[in-house]
């Protein structure tokens, strides 16, 4: 594929899990040190993945409940979702299946989801857990289990602060759109054929 294709990629997840930081880290190679709820503008860039040039449109969303009615407006036309949770927040991990998957299936059925665990740098930071005794780390195994539970084609852990795996998140999102995983459901449909005698 040599022609440029537009891919709309929308980030979703609880407030303060690091969606905006992930986008800023990816697009500008910098890490914002202060938490400012969703100020990232839509961004577009030409990216080459596996020899294919795509125009990647990045859309940020607000995770806070105040935006529950407005947020789905950005889902229209999405090619892929990046569903983020914090690797140091059990609540954000649990909300993936409790809140976000039902919302995405309702407003954007069939759109692939890349599951992303953010704040990887803090998961092994002992001082962080001393300072935040209520924080619960999420393991890679738990992330992989959640990926299977929600049927996501990819799960990636990253750190916007250290930039570890940040590019990998967006490369995975592009790959999921350009090379969708093979669907296993086709065999099931053939087995469920109706016979009238």
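Even glycines carry a Cβ here, placed using N, Cα and C.
Keep in mind that this is a model prediction, so the values were computed, not measured.
Under the heading GTP binding site, Swiss-Prot lists 13-20, 60-64, 118-121. Look at residue 61 (GTP binding site): DSSP puts it in coil. Its own atom aside, the Cβ of residue 61 (GTP binding site) has 21 Cβ atoms within 10 angstroms in the protein chains shown.
According to its DSSP assignment, residue 160 (GDP binding site) is coil. Per Swiss-Prot, GDP binding site is recorded for 160.
Per Swiss-Prot, the feature S-geranylgeranyl cysteine maps to 194; the stated evidence is sequence analysis.
Taken from Swiss-Prot, the feature cysteine methyl ester covers 194.
Summarising the annotation, Swiss-Prot assigns motif 'Effector region' to 35-43 and lists sequence analysis as the type of evidence.
Neighbour counts were taken at the CB atom with a 10 A radius for the binding-site residues 16, 120; the maximum falls on 120. Listed binding-site residues: 64, 160; maximum Cβ neighbour count within 10 Å falls on 160. DSSP assigns residue 19 (GTP binding site) to a helical segment in the three-state reduction. When the alpha carbons of residue 160 (GDP binding site) and residue 120 (GTP binding site) are compared, the span between them is 8 angstrom.
Residue density at residue 19 (GTP binding site): 26 other Cβ atoms are found within 10 A of its Cβ, drawing on all protein chains shown. Less than 8 angstroms from the CB of residue 13 (GTP binding site) sit 19, 63, 83, 84, 85, 92, 95, 96, 100, 116, each of them six or more residues away in the same chain.
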